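A.B. asks: Pasting in a structure now, in structure tokens, and then I'll have a few things to ask.
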């Protein structure tokens with residue numbers, strides 16, 4: 001029996017990161033977490049490209065451009081959508097998650113969804129490096145593992 005499991009080694013891998021600028025005080029912490037993870041696992045700064053977009057809604061389009069460029073072993077999507085008093089949250093969070101999943105499936109490149117979708121600012125802060133860890137770090141870890149797994153399966 002052969003078991004496939006992606007290694008947690010980023011040496012030689014190239015990563016694209018798409019960052020939604022809206023709620024930047026939260027998203028900047030997600031980006032720091034992602035970069036920390038990639039570097040700790042052997043990624044070189046020259047193998048990491050960061051692209052800023054206005055907000056989470058724009059993430060799928062740029063993640064598609066990055067994934068289909070074939071320059072990256074994985075693309076990491078970072079953003080923060082925080083519920084307000086209108087249905088805007090539901091539209092944005094739903095479309096971003098669907099869009100990112102679609103890009104990953106169509107491109108055959110791991111496109112990792114690390115966009116926070118929280119009910120309030122406190123939950124976002126908790127997931128950006130305090131009580132609940134850092135979802136940017138977690139997303140980078142998933143990107144490393146999936147990039148290696150794809151290589152293993154090819």
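For all residues, glycine too, the Cβ spot is worked out from N, Cα and C.
Sharing the record's features from Swiss-Prot:
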- 88: active site, proton donor (ACT_SITE)
- 22, 56, 57, 58, 80, 81, 82, 113: 5-amino-6-(D-ribitylamino)uracil binding site (BINDING)
- 85, 86, 127: (2S)-2-hydroxy-3-oxobutyl phosphate binding site (BINDING)
A.B. asks: How big is the (2S)-2-hydroxy-3-oxobutyl phosphate site in terms of the longest C-alpha to C-alpha distance among 85, 86, 127, in angstrom?
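C.D. replies: Max span of the (2S)-2-hydroxy-3-oxobutyl phosphate binding residues, Cα based, is 23 Å.
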A.B. asks: Taking the Cβ of residue 80 (5-amino-6-(D-ribitylamino)uracil binding site) as the reference point, list residues of the same chain whose Cβ is under 8 angstroms away and which are at least six residues distant in sequence.
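C.D. replies: Long-range Cβ contacts: 20, 22, 23, 26, 27, 30, 56, 115, 116, 118, 124, 128.
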A.B. asks: By the count of other Cβ atoms within 10 Å, pick out the sparsest of the recorded positions 88, 127.
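C.D. replies: Among the recorded positions 88, 127, the sparsest Cβ neighbourhood within 10 Å belongs to 88.
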A.B. asks: Just the number: how many Å between the Cα atoms of residue 57 (5-amino-6-(D-ribitylamino)uracil binding site) and residue 88 (active site, proton donor)?
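C.D. replies: On Cα coordinates alone, these residues lie 11 Å apart.
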A.B. asks: How many Å separate the two farthest-apart Cα atoms among the 5-amino-6-(D-ribitylamino)uracil-binding residues 22, 56, 57, 58, 80, 81, 82, 113?
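C.D. replies: Those residues reach a largest Cα separation of 16 Å.
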A.B. asks: What is the separation, in Å, between the Cα atoms of residue 85 ((2S)-2-hydroxy-3-oxobutyl phosphate binding site) and residue 58 (5-amino-6-(D-ribitylamino)uracil binding site)?
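C.D. replies: Residue 58 (5-amino-6-(D-ribitylamino)uracil binding site) has its Cα 22 Å from the Cα of residue 85 ((2S)-2-hydroxy-3-oxobutyl phosphate binding site).
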A.B. asks: Can you tell me how many other Cβ atoms are located within 10 Å of the Cβ belonging to residue 85 ((2S)-2-hydroxy-3-oxobutyl phosphate binding site)?
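C.D. replies: Its Cβ has 6 other Cβ atoms within 10 Å.
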A.B. asks: Counting other CB atoms within 10 A of each CB, which of the binding-site residues 22, 113 comes out lowest?
C.D. replies: 22
A.B. asks: Do you know offhand how many angstrom separate residue 81 (5-amino-6-(D-ribitylamino)uracil binding site) and the residue listed as 'active site, proton donor' by C-alpha?
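C.D. replies: Checking the Cα atoms of residue 81 (5-amino-6-(D-ribitylamino)uracil binding site) and the residue listed as 'active site, proton donor' gives a distance of 10 Å.
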